[in-house]
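Right, one structure below, let's go through it.
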Amino acid sequence: MDPQKFSRKLWSARKQLILMLAPLLLLPLLFVVPPKEGKCLYVVLLMAVYWCTEALPLAVTAMLPVCLFPTMGILPSKKVCPQYFLETNFLFLSGLVMASAIEEWGLHRRIALKVLKIVGVKPAWLILGMMITSSFLSMWLSNTATTAMMLPIANAILESLFGNLETLKENCKDKSDPEGDSQVNMHVLPLRIIHLSEQKNLKEVRKEAEYQMKVWKGFLISIPYAASIGGTATLTGTAPNLILVGQLKSYFPECDLINFGSWFVFAFPLMLLFLILGWIWIAFLYGGLNTRLCISKHDEREAAEAKAKAVIDEDYKKLGPIKFAEGSITFFFIMFAILLFTRDPKFVTGWSVFFTKGYVSDAVTGVIIISILFFFPSQCPSLCWWFDSRASNTPYVPLLSWRKAQECVPWNIILLLGGGFAMAKGCEESGLAVWIGNHLQPLAQVPPAVAVILITAFIACFTEFASNTATIIIFLPVIAELAIRVNVNPLYFMIPATTGCSYAFMLPVSTPPNSIAFASGHLMVKDMVKTGFVMNILGILCVSLAMNTWGLHMFSLHTYPDWARPLNASSATVATHAMATMNMTG
């Protein structure tokens, strides 16, 4: 058989081959690693391979601990199954349901258009407006939904600014016509160019078109990047943040430092810093930063900007006045954020002190608010209706129906969260985390501040090729054990790893938002690699700065906490027992 044809057949059957070969290739682990630790490591690596290659759907791989942990004697099913619906999952579910209600009544579109009206229509300011809107919406909606909603708005504005994209691409081409420099094919150019300068030659037209194409790419690439950055600001913004909370509760039950309020106080300034630096880089790279940024200048682009402004204004007018349902969702959305933020923000006394200590969590708060959405009316109730026999009996419609919630909530992500918590529980109880920690001892020589940069960089690079949720599930237990081994506050390593998971900017396959933007057909892989490489570096530096400044004081990272000592003690005991056993057998 032709080798080329055979390689194509192998590629087409790669997922089936991975499904069959991975379990066989990992079998030696059962014989070279201590029994229980080896079995757990076998399951962890098998899930890691399936997650990274997507040989099975991510949610199906996440359910493997339910069948493998009990059958291999790692963990009984009564300990595995509850991990799939911890209170962290309920917090995530409440955020997803709130996002469904916001999308149902179009509040997100009103917010987006209002921000764009405020920032203005100069390219750099519009890119900033796109990034601010995308990041804010992504704090509450999924990154994917935010990107899918913002891209059509961006394309409409771009067409108003620069005309038809195909015409723009045509103008970017280098014309081989020898008379091209003196004669311009007027019917293929945007009308605004014709009106401004009939004597402009093809070289100048091509230069202008190339600039416009760069700005177009800058618009499209800024949206998924801002969505990924914005998701880090809240616990419910992206799945890795919640996995951090869940695994902290599993490994360190006494640690109560991370909740919605404390995370927001730490992560929101970090998000703002990274967003501003990212905007400067994208605007610089794609032509948006120039003297026209802040100075009003009458030139050939003014008419196009006025037209783009008119499009934004027209779209906003089409929304009409704020409806009762939109106002209600806005109220409950604000209540949702305020109650989560003020429950126990750590730096001040929260409202949770009015209840029995430890009883009310962020999950309870979230479920209370979203439960109201299922019965609160979407139309303003009227007392007159009760006394008017001629009034029509309109059907009662709540703000959100369960059918809509079922359609919009990505239930597979909830299973993925559960699979991560089950894996963490298995690593903890099997002793695998301790075994890995014993092999990480050489890293104790690396200064903690340098270790933060290395961990963030490694995780950011790894997540370029794997799901960010799967990445943090795989590495967070290892990072926690590393921190214990080097006698460093576990949060000092775990928070940068969690945040770095969202910094996947270089490839179209890195995140669903990147894929959506790339699927528009206007971006090339080299555009994302060139822009994303610097974005990754900026993100790593921002995280390092945050951890060593306000994060250091917020979470007392300069001291080894008491809540981490019990696990450290047990680890030491296990390690001592293992050494004694080896000495006796020797």
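Using N, Cα and C of the backbone, Cβ positions are placed for all residues, glycine too.
Automated prediction, rather than curation, is the source of TrEMBL annotations.
The following features are taken from TrEMBL:
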type     : residues : note
TRANSMEM : 48-72    : transmembrane segment
TRANSMEM : 84-102   : transmembrane segment
TRANSMEM : 122-141  : transmembrane segment
TRANSMEM : 219-243  : transmembrane segment
TRANSMEM : 263-287  : transmembrane segment
TRANSMEM : 324-343  : transmembrane segment
TRANSMEM : 363-387  : transmembrane segment
TRANSMEM : 408-426  : transmembrane segment
TRANSMEM : 446-479  : transmembrane segment
TRANSMEM : 531-550  : transmembrane segment
Any chance you could find the range in 48-72, 263-287, 324-343, 408-426 with the most Cβ pairs under 8 Å to the transmembrane segment (446-479)?
408-426
Assess whether the transmembrane segment (408-426) lies in contact with the transmembrane segment (263-287), where contact requires at least three Cβ pairs under 8 Å among residues 6 or more apart in sequence.
no
State the non-local partners of the transmembrane segment (363-387) in its own chain: residues 6+ outside its ends, Cβ under 8 Å from one of its Cβ atoms.
87-88, 90-91, 93-95, 97-98, 101, 105, 236, 324-325, 328-329, 332, 335-336, 339-340, 343, 394, 396-402
Could you pull out which residues elsewhere in the chain have a CB under 8 Å from any CB of the transmembrane segment (531-550), counting only those six or more residues past its ends?
221, 225, 229, 266, 269-270, 273-274, 277-278, 281-282, 285, 449, 452-453, 456-457, 460-461, 492, 495-496, 499-500, 503-507, 510, 557
